[in-house]
Amino acid sequence: MPSNICKFFLTWWLIQQVTGLTGPLMLDTAPNAFDDQYEGCVNKMEEKAPLLLKEDFNKSEKLKVAWEEAKKRWNNIKPSMSYPKGFNDFHGTALVAYTGSIGVDFNRAVREFKENPGQFHYKAFHYYLTRALQLLSNGDCHSVYRGTKTRFHYTGAGSVRFGQFTSSSLSKTVAQSPEFFSDDGTLFIIKTCLGVYIKEFSFYPDQEEVLIPGYEVYQKVRTQGYNEIFLDSPKRKKSNYNCLYSSAGTRESCVSLFLVVLTSLLVQLLCLAEP
């Protein structure tokens, strides 16, 4: 009996871990993503984030290297840039770093956060990147394009969001270039009101990038043909977590994280109990 129970839960857990390996990906509300907006705890996070960043560096050499590379570029470009009050070197470095090699691994960790929160080594990076976009946002909306090599499917019902930070371009030509798009993929045509034009920060300014936070919600979704999806946002946000890594974390966020970790532990304990 313990063996059957173990197999059942282990199978269920593995299914939760594997997404998008075959067939199209579902375009939904990204329920597994880490989507903190840090509302009401910015001051506490500004104090705590440098310590969290050191902890993340100790657990991820890749992040440490990417951060140092981005820091050099930020120090070179910041004298010629203007940025809002409260925007500091941590915010600038995080934004530059995202456009480099760390972006793919970071977004994977953000998307899969709920599946393995104990292995999330981007606590400070997520905060600094989120805060950078919040500070730079001026309320302007942008019409942008995002090409992917993966096919996405929309059920036809309900609002959607990306969950992860999402790179897009003002240029349709860039979005449809072979580097980002294939005939088997999806072309997103997006109206974003929370996305920020970050060309000046990017390692690749020719990409004309607009970076969209994962918590932006699109209430108007329309498909066209077999590989085009139109998304329209009326400046709406949605987050399942808030201030999780500050002492001001909401009860709901802490309970949610506790349940995720508890589920993982139960699966492991059931398997260990097998004779």
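Each residue, glycine too, has its Cβ placed from N, Cα and C.
Annotated active site per Swiss-Prot: Arg146 (among others), in sequence order, evidence recorded as sequence analysis. Long-range neighbours of Arg146 (active site) (same chain, six or more residues apart, CB within less than 8 Å of its CB): Thr166, Ser167, Ser168, Ser169, Ala175, Phe180, Leu187, Phe188, Ile190. Following the DSSP three-state reduction, the secondary structure of Arg146 (active site) is strand.
Over all protein chains present, the Cβ of Ser167 (active site) has 22 other Cβ atoms lying within 10 Å. The active site annotation in Swiss-Prot covers Ser167 (among others) and rests on sequence analysis.
Positions annotated as active site by Swiss-Prot: Glu209 (among others). Counting every protein chain shown, the number of other Cβ atoms lying within 10 Å of the Cβ of Glu209 (active site) is 24. Glu209 (active site) falls within a strand when secondary structure is assigned with DSSP.
Secondary structure at Gln164 (NAD(+) binding site), as computed by DSSP, is coil. Residues near Gln164 (NAD(+) binding site) in space but far in sequence (CB under 8 A, at least 6 apart, same chain), listed by position: Ala30, Ala33, Asn107, Val110, Arg111, Gly214. The annotation NAD(+) binding site is assigned in Swiss-Prot to Tyr98, Arg146, Gln164, Ser202 on the grounds of similarity to another entry.
Sequence annotations record features per position, and here Swiss-Prot assigns disulfide bond to Cys41-Cys243 (among others) based on similarity to another entry. Classification of Cys41 (disulfide bond) by DSSP places it in coil, neither helical nor stranded.
Look at Swiss-Prot and you will find Cys141-Cys193 (among others) tagged as disulfide bond, backed by similarity to another entry. DSSP assigns Cys193 (disulfide bond) to coil in the three-state reduction, placing it in neither a helix nor a strand.
Per Swiss-Prot, the feature domain 'TR mART core' maps to 61-238; the stated evidence is sequence analysis.
As annotated by Swiss-Prot, N-linked glycosylation site applies to Asn58, with the evidence given as sequence analysis. In the three-state DSSP reading, Asn58 (N-linked glycosylation site) counts as helix. For Asn58 (N-linked glycosylation site), applying a Cβ distance below 8 Å and a minimum sequence separation of six or more within one chain yields no residues.
If you draw a 10 Å sphere around the CB of Ser246 (GPI-anchor amidated serine), it holds 21 other CB atoms from the protein chains shown. In the three-state DSSP assignment, the secondary structure recorded for Ser246 (GPI-anchor amidated serine) is coil. The GPI-anchor amidated serine annotation in Swiss-Prot covers Ser246 and is backed by similarity to another entry.
Annotated signal peptide per Swiss-Prot: 1-20, in sequence order.
Comparing the Cα of Cys41 (disulfide bond) with the Cα of every entry in Tyr98, Ser202, Glu209, these being the recorded positions, the smallest distance points to Tyr98.
Shown are the disulfide-bonded residues Cys41, Cys141, Cys243; of these, the residue with the fewest other Cβ atoms within 10 Å is Cys141.
Ranking the recorded positions Cys141, Cys193, Glu209, Ser246 by Cα distance from Tyr98 (NAD(+) binding site) puts Glu209 first.
For Cys141 (disulfide bond) paired with Ser202 (NAD(+) binding site), the C-alpha to C-alpha distance reads 20 Å.
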